[in-house]
Amino acid sequence: MDLLLDLALLSLLLLTAVSIAWTRDMFAAAMLTGIYGLLSASFFMTMGAVDVAFTEAAVGAGISPLLILATLALCGRNQKADPPRAMLALCLVGAVGALLIAATLDMPAFGDPGAPAHIHVAPHYIGESFAEIGIPNVVTSVLASYRAFDTLGEVVVIFTAGLGVLSLLLALREQQHPIRALSAPHPQHLVLRLVAKVLIPPILIYALYVQFHGEYGPGGGFQAGVIFAVGFILYALVFGLDAVKRVAGHGVVQFLAALGVLIYGSVGLLGMATGKNFLDYSALAADPVSGQHLGIIVIELGVGITVAAVMMLVFYLFSEQLQRGLEDGSGKELTSGRAG
Amino acid sequence: MLTHLPILQVILPLVAAPSCLIIRRASLVWLFTLGVSIAAFAVSALLLQQVSTSGAITYGLGGWDAPWGIEYRIDLLNAWVLLVVTGISTVVLAAARASVQAEMDQARQTLFYTLYLLCFAGLLGIVATGDVFNVFVFLEISSLATYALIALGRDRRALWAAFQYLIMGTIGATFILIGIGFLYMMTGTLNMADLAQRLPEVSSSSTVLAAFAFIVVGVCLKLALFPLHMWLPNAYSFAPSIVTAFLAATATKVALYLLVRFTFTVFGVQFSLTSLPLQSLFIGLGLAGVFVASVVAIYQVDIKRMLAYSSVAQVGYMVVGIGISSVVAVQATLLHLFNHALMKGGLFLALAGLAYRAGSCHIDAFRGLGRTMPWTMAAIVIGGISLIGMPLTVGFVSKWYLISAALESNLWFVALLVVMGSLVAVVYIWRLVEAAYFQEPAGDQPPVVGEAPLSLLLPTWLLISANLYFGIDTRLPVEVTGAAAQYLFGGAQ
């Protein structure tokens, strides 16, 4: 049964990947990317990597196709053919693929209990993390405490990406004209409005659940931040960007993006102030284990805030750019981009 | 506080970056950024001093011991690179204000310094860490910040250059990540010291060989080793002047450090350079890079672009040193890492001054510059002499070590080619001298109004005089790099 499921998922993955490379219609490619994300998430599920699957579902199948679609709305949906370059790319990809396959020859078999990855550091995490950190989800223990510095780095990566988009698309004047673009209100779409109104509150509550349940089950700040931002983005898509900006404007979102990183960093510095090493949470409470637990809750909050804020910031900037494009009259390609 | 020095080195700029967004005012943010960079420089100086007296320092992040947690590990090699990166950053930032004001609108200046700090923190994180996955995370931070910084250039082609680099850089980073994944699969650890111990057992497996291939190619993409250098000339020539000065002096150096760290510490000399044909590959590609890039440099009309090609050539010399792989050769590489940072830092800052006055770095803008901007032009000439490698400059010191290493290993043709490479450099530097001192400004060219502002000129001359100072009093760099090279070959520190 497992074998059948694996075969089905892997062949679908292959099929989707080839179709993405094959199609010239970028809109179709974007949708296929979402499907690819969902399939990968399912495949990770069958391998028992629930946390990874959850992240892939939220990011790969959720927010990234959305951002790709926003980009397509800006730059059109058709790819120009360039056969010589494509041949070169194919050759390079073939060489890299051959090397990857060669690498599998001496790999330990999947699930081999004697594989190095299962007998060196992993037993310590599985055996000791509950006693040392006090939470049942080992993945969260590794990400948020044993390797918390990597996670801080990942949050900074997201923050950097948001700032990069901001530095490129920052408008010098505030938008004056009524909004018509990607995020224009759609008064005629009654069904859409109704469904959105019903869906958004559960999405936001679910995000909070994922945020604060990461110690016990799959979840945590990354997934929660993305889901929370999706709630806001959905609202903007149906009711217009202005309506969302009244709740969280540019300044607020930028501030929150910085705040999340600072919260995370401050927890680390707090450890140092009490004589422990950077990011050692055990000093945060009288009992080291509850200190660890508290530290994880706070840093996950920082992660959630930055991720949600950056996703919203990127969406704002894309939609504003689109509005400017329409007003400059240079948005001819947009119609074809939105037709799908 | 002294025990926390290794982590302070990285988290100071890392936490300072989001704080910039809260300070907001561009002039304050500049002062703040400069202060952070000075503090980071002080930390790196203390670290180097600590490491050279008492040996390598480790720091367990989160209080966890390696290999369960992430470990910072500072030895002579990375303490040296940290000192170079923080030192250059401080000088470049001191010069930044006027140039950034001239090249960017008000609203983007705060973002510029924030991204600069992120890039700075990313580079320092790559160098300081003793954990291979942590390397990847900080590589992503510095790379993303770099793409954005390049895209801030005035010329619209900066966007294309940044995009090109984004694609190449992402491929490089992905390769490195695949390699790290394979290493974890075969050893169950991500800690460098732990990997070094556990890899020899499995070193003959195809998985580890593939890991090595992916990591070396990925790092060489970031390093811009010929023929993987295609992104560099565009990136350097269209980026804002200050960004070019910073990147040219630090980013490729950090990639070179990674190459040395992976080949010598993680995989080990035995595996990397003895059982694989990497020596001849590095010497061959390095020398090919020296000649191809130097000859292409001769034909450039944009001088920023010309110096960018010259950077590709200089990377070639450094990789030749790794290829010869004797203690003296690696010492030459580490010396050139420092010396090239001084040369290119000084030269690109001088070009920032020219761009500030003349608005371009086209060869025509150099006509008659010897009279209108005598100090800037003198700086360019001295920097150029150092680049060629004439005696009494730092360029001479590293080439001297490289040539003697080649002769020691009976690679006389390598020594000969290194000397010939320097002669090609004479040709492209001479073009500048000829235009500046022997040609009249073109009639249709708007006259250059005068010398670059002091705030740009002083930092330029600081780096240029360092080219002369360390070319005469070579004790500090030679001692540190000599000890670091011996340490890499397993000798006492």
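Quick reminder: no glycine exception, Cβ is built from N, Cα and C everywhere.
Note that the structure is a prediction, hence the values are computed from the model and not measured.
What TrEMBL records for B:130-423 is domain 'NADH:quinone oxidoreductase/Mrp antiporter transmembrane'. Feature annotation from TrEMBL assigns transmembrane segment to B:6-23, B:28-48, B:77-98, B:110-129, B:135-153, B:165-186, B:206-226, B:238-260, B:280-299, B:306-331, B:377-398, B:410-430.
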Interface check, the transmembrane segment (B:238-260) with the transmembrane segment (B:77-98), three or more C-beta pairs under 8 A: yes
Non-local residues, at least 6 beyond the ends, that sit with Cβ under 8 Å of the transmembrane segment (B:28-48): 2, 5-6, 8-9, 12-13, 16, 19-20, 57, 74, 76, 79-80, 82-83, 85-87, 89-90, 93-94, 96-97, 100, 109-110, 113-114, 116-117, 120, 124, 480
Criterion met for the transmembrane segment (B:306-331) and the transmembrane segment (B:206-226) (at least three Cβ pairs under 8 Å): yes
Tertiary contacts of the transmembrane segment (B:410-430), as residues 6+ beyond its ends and Cβ separation under 8 Å: 283, 287, 290-291, 294-295, 297-298, 300, 306, 310, 313, 316-317, 320, 324, 381, 384-385, 387-389, 399, 402-403
